[in-house]
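Per Swiss-Prot, these features apply:
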ACT_SITE  370  active site, nucleophile
ACT_SITE  654  active site, proton acceptor
BINDING   47, 103, 105, 111  Ca(2+) 2 binding site
BINDING   47, 53, 103, 105  Ca(2+) 1 binding site
BINDING   339, 340  substrate binding site
DOMAIN    14-133  domain 'C2'
DOMAIN    281-825  domain 'PLA2c'
């Protein structure tokens, strides 16, 4: 509860951060949808002794934040309502009407009997449609509804869209209390609370003490057909009317003229009437969220700088006679898989080898997930890391990896974590176990918590001196779906953070801040990168259903469920029961079924961040856009009212919980990666991540070479594989390095056989029962660290010829062919 000035103004970005928004602006008219709930038939009994006591709720989230309700018809299986509700709708967004039949219960929570979703775009303007919904495909239950669509004379609304997401015009309502001449209140009423609600607004509900003057704001859609509701309440522990509201009041927002003040009275029993002053006005139309599937201007500028570095490195590595033109420079990307500390150490070895071979400067993109991000985040603390000897950061890692993880939970460390988390909470963040995990990681890997930020890594890109780092995470549903049934890639780079699926991005320093309808509402201090590492490598965020799927399908990449629906299919949620997204055995609305479902799909250790897409709506044709592909195993993609823009917070987890690959970042339009260097860190499944990437790519219509290792390759993998498709020049060439100990057993360096005294150093136990390299081991002896590092270093150096061959192949392609633009991802 607040008193005083509480106006929340939208934050603004510097002009340079507002450039590069290739979205479309279009004026779109409003329509008026009238919904008349007529009657239902053959509703089931509530119990053995009586019929149901049904009522219907009517909701259209894209038009109003309010949920309307019919009267309850008692003890009836054939209730008749004949009640009418009205919505002002925007015709260019996906409007899904939700009708839910409840059985009212005086003692327990009302039960949901049936739920229907209907796409109102099927109704033509001027058409009166009577619709009968079958509530149960196997039963006689039905609901009759009358629907009327009419054009209105309201001024058209200017929309901003990338044809998937839509940002609508925003208004702000300023509310202030005028207490002139009413300085005294009746006895016992000086502690009254004034609660104001504007459903569908950014603020939703605000509560104040009316004994002092105050000013505050609500931010809401200009075309939102809703009202401001107010309640004057007595404190619960007082005797003054404590159990009821005092004469609730409401103000339809459509009655307020923009820019003009309105004064209304607050009814108060036994007290002088206070007066509320209301004034509404338009918000600036500029967005803080970039709506585009293309690359941001900062990345495009980086590419131009980096190509000069890559061109010089390729000329030297391939002994070219002439300099390369910018359009002849191939794009090389690293795909670093996850694998905990094992992945971190191995990646150091792989990068060290590329540096020794003079090939690290040939890389443009450096993508990683899970444990690989620990290496990446450490290296990019130094803006010149790839130009310096990597032995420095490797020695740092060796020193800290040798420490036991238990030391990070000593009392002095716990006190430090508590203080840091308290400060984070005071800054406005929601603190979770994942944040604590990030602090433990930071202390383990670096000995202290530092103030490094993701945006600070831009210094490492200013001259194109390093590859662009890309960190990948997954957004999932918090409690009611397993990862396989709903997952969305979220990409983090020093420039921006965003969803590959929706084409919505924000500057990296604004991740965690609060947004509404594409506008920055509340800016929070940028998170330290350790908290992001807590997201990127949080394997504890899986739920029991994820573990079950991993046990069932983990060893068979062919069963990996990444199929994508035909994006041209029509919206599938026109009418039906519920959302259709749960497994049948979890669909029951009983308390026991819901409790079991929550137990199996709950994520107690996930990270929660403010959703920067919150409030944005989906375009009426979003499902037909080539960049938006729906998953074959996820009906939720066809249910816009349940997609991410409707959620106030994100639920972010380790991307390795779904697919142990960072390739989706390399598939984005505009990146046009020619060569992928794939580093595998799986102990027993050397091709799983790459085969998942291939299946994912093909399901989305992306060119990708066939990854078809033989049974012998699975059981005894080689050090390096080259996969390409000569018949499809658009497909990238892939170099794949499994984590394997092959010729390193008897070679200390490429072409140098080990002496008898050196053979022990070549024995690296990667998969045995006594292997120190298992996933959850966080402490390595120096000897084990060095063997894994040297093995990874050797495997890359020993295949220098294959790497150079791949570089020549993609260089030849670049020189002889023009790459098509706008490749679908």
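Cβ atoms are placed via backbone N, Cα and C, with glycine included.
Cα of residue 370 (active site, nucleophile) to Cα of residue 103 (Ca(2+) 2 binding site): a distance of 46 Å.
Considering only the recorded positions 103, 111, 339, 340, 654, residue 53 (Ca(2+) 1 binding site) has 103 as its nearest partner by CA-CA distance.
Distance from the CA of the residue listed as 'active site, proton acceptor' to the CA of residue 111 (Ca(2+) 2 binding site) is 36 Å. According to DSSP, the domain 'C2' (14-133) comprises 7 helix, 61 strand, 52 coil. By a simple count of nearby Cβ atoms, those within 10 Å, the most crowded of the binding-site residues 53, 111, 339 is 339. Counting every protein chain shown, the Cβ of residue 105 (Ca(2+) 2 binding site) has 13 other Cβ atoms within 10 Å. For residue 47 (Ca(2+) 2 binding site), the nearest of the recorded positions by C-alpha distance turns out to be 654; the candidates were 339, 340, 654.
Residue with the densest Cβ environment among the recorded positions 47, 654: 654, by other Cβ atoms within 10 Å. The 10 Å shell around the Cβ of residue 103 (Ca(2+) 2 binding site) contains 19 further Cβ atoms across the protein chains shown.
If you compare Cα positions, residue 105 (Ca(2+) 2 binding site) sits closest to 654 out of the recorded positions 339, 340, 654. Looking at the domain 'C2' (14-133) alone, the prediction's average pLDDT is 88.
Per-site Cβ counts within 10 Å over the recorded positions 340, 370 peak at 370.
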